[in-house]
Amino acid sequence: MTKFIFVTGGVVSGLGKGITSASIGMLFKARGFRTTNIKIDPYLNYDAGTMNPYQHGEVFVLDDGGEVDLDLGNYERFLDTSLSFDHNITTGKVYSAVIEKERKGEYLGATVQVIPHITNEIKERIRRIARDYDVVVVEIGGTVGDIESMPFLEAARQMQIEEGRENVAFVHVTYVPRLRVVGEQKTKPTQHSVKELRSLGIQPDAIVARSEDPLEDSARRKISLFTNVPEEAVISAYDVEDTYEVPLMLEKEGLPAYLARRLGLPEREPDLEAWREMVEKYKSLTDTVEIAIVGKYVKLADSYLSIKEALKHSSVANDVKVKIRWIEAEDVERQGVKLLEGVDGIIVPGGFGARGTEGKMMAIRYARENNIPFLGICFGFQLTVVEFARNVLGLEGAHSTEIDPQTPYPVVDLMPEQRDLDRLGGTMRLGAYPVHIKPNTLARRLYGREIVYERHRHRWEVNPDYVEKFEEAGLVFSGIAGDDERRMEILELPGHSYFIATQFHPEFKSRPMRPAPVFRGLVEAAKKKKYGS
């Protein structure tokens, strides 16, 4: 019988429900249970694909092409797994499905309502995923009390009745602030949040109390008393330097063991040795390198969350800690490349639109001409081609037709299959595609094999009409699409300390124990630049 753990949030948003959910899933998987995570997003968008990174953070892309919430990236990294588009349930998906069924007459003339039709659709989607697993962790986005999340909380309440209380548990993540004036942790916000949750028919089985420092015993006792939750199930989750410490914290606090007992699962010791070694190694690193990320969304670091994590994974692999220098591309346009002085490596990440493109190309040129390790991703790959066309081939005015439709040298152009589309959502070249890597290249050395599958999210590509000119000038296209040999996937510059760019997003498949090869190579080159071989 599948066991369900619903994770809800209270008091304020941004407490780390995603990391908590990922950690719970990882700890059950470490006990040998077949485990997966589901994220519920109460917004009306069908998916995350058209959402502004400043509002929602990065759009994470799955193997099957799903454009999803960044929390699914955390799930994949913590559980070392690959999820599907169905693992992200949104209000937009649910309502679209119900309306489509109503139009087809599947409800036999019934009045279609939130209860039971919307809640039934939610439950069916959760159960569809759950069939192949022992434990399913379901994170319900938003904060208890939000109108948007009401149908999902109601569906979760119903599932506890239908599946049996012994098969469904609730974990509520709350905030316990410390008021400087009185110097004590305040539990009243948690009490009121649980009161709100109980008014919806849900009694939490465990409370994860987020705080700046460890939860005091007096606060733990008070939370237990006023929320009807055992003291052992009031979990202290205080701020830590590295999110990968959270599973170890929750394990020490006894949360997974308590939930296993609550759900009638057999007691098992978790295999956390490799994870613990990874965390301890990262904390012990003393040597550092500084890598600049030159982008258009750097004011919100979550816009590039998977890149941050890939650099962290590569830190452990290379025995050196990466310090990130966040640089707004438009600031490079205004202040020049002096903003890049002293860095050991440069990344130009993906993005859309004209803002900051010249600044990004200034950063690319600076890396190319000064032998600074460089990695370009997606739009960064395309702008690397544009920069090379302008400053090496001498093609004045060369550009991508995305930015300049009238450019005399369209070295980056819209893919043919994209030209007649009339909608934005879900229509890009999305998901995992095969990439064929040429022998005797940097890319082949990094990946160690001929064919790799990497995740994509783009509409534009290198114009194949210009490939020969680039290669004659010394640029090497070392990776080619497996589904179209005219589509360039990886470029590199021989003789440079490290200069590589990819049309795909390597960060989406990076894992704590298995860093993405191009990130690992970048950090290795940055370390060599700073400290020598």
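Sequential numbering from 1, following the chain as shown.
From the backbone N, Cα and C atoms, a Cβ is placed for every residue, glycine too.
Taken from Swiss-Prot, the feature region 'Amidoligase domain' applies to 1-265, supported by sequence analysis.
DSSP assigns Lys186 (UTP binding site) to coil in the three-state reduction, outside any helix or strand. In sequence order, Val176, Pro177, Arg178, Leu179 are the residues near Lys186 (UTP binding site), counting only same-chain partners six or more apart with C-beta under 8 A. Here Swiss-Prot flags Ser13, Lys186, Thr187, Lys188, Pro189, Thr190, Gln191, Lys222 as UTP binding site, drawing on sequence analysis.
Listed in sequence order, Val176, Ala219, Lys222, Ile223, Phe226 are the same-chain residues six or more apart from Thr187 (UTP binding site) with CB atoms under 8 A from its CB. Summarising the annotation, Swiss-Prot assigns CTP binding site to Ser13, Asp146, Ile147, Glu148, Lys186, Thr187, Lys188, Pro189, Thr190, Gln191, Lys222.
The ATP binding site annotation in Swiss-Prot covers Gly14, Leu15, Gly16, Lys17, Gly18, Ile19, Asp71. Just so you know, the Cβ of Leu15 (ATP binding site) picks up 19 other Cβ atoms within 10 Å once every protein chain is counted.
If you look up Swiss-Prot, you'll see Tyr54, Gly351, Phe379, Gly380, Phe381, Gln382, Glu402, Arg459 marked as L-glutamine binding site, on the strength of sequence analysis. Under 8 Å, Cβ to Cβ, and six or more positions away along its own chain, Phe381 (L-glutamine binding site) finds Leu491, Ala501, Thr502, Gln503.
Taken from Swiss-Prot, the feature Mg(2+) binding site covers Asp71, Glu139, and the record attributes it to sequence analysis. DSSP gives Glu139 (Mg(2+) binding site) a strand state.
Here Swiss-Prot flags 290-532 as domain 'Glutamine amidotransferase type-1'. Within the model, the domain 'Glutamine amidotransferase type-1' (290-532) carries an average pLDDT of 94.
All chains included, 23 other C-beta atoms sit within 10 angstroms of the C-beta of Cys378 (active site, nucleophile). Here Swiss-Prot flags Cys378 as active site, nucleophile.
Around His505 (active site), taking its Cβ as the centre, 25 other Cβ atoms fall within 10 Å, counting all chains. As annotated by Swiss-Prot, active site applies to His505 (among others).
Among the features that Swiss-Prot reports, active site is placed at Glu507 (among others). According to DSSP, Glu507 (active site) sits within a helical segment.
For Lys188 (UTP binding site), the nearest of the recorded positions by C-alpha distance turns out to be Gly16; the candidates were Gly16, Gly351, His505.
The CA atom of Ile147 (CTP binding site) is located 42 Å away from the CA atom of Gln382 (L-glutamine binding site). Secondary structure from DSSP puts Gly351 (L-glutamine binding site) in coil. Listed binding-site residues near Gly18 (ATP binding site): Glu139 (candidates Tyr54, Glu139, Pro189, Gly380, Glu402; Cα-Cα distance within 10 Å). For the binding-site residues Tyr54, Phe379, the greatest number of Cβ atoms within 10 Å around a candidate Cβ is found at Phe379. Scoring each of the binding-site residues (Glu139, Glu402) by how many neighbouring Cβ atoms lie within 10 Å, the top position goes to Glu139. Here the binding-site residues are Ile19, Ile147; the one with the fewest Cβ atoms within 10 Å of its Cβ is Ile147. In this structure, the C-alpha atom of Gly16 (ATP binding site) lies 11 angstrom from that of Glu139 (Mg(2+) binding site).
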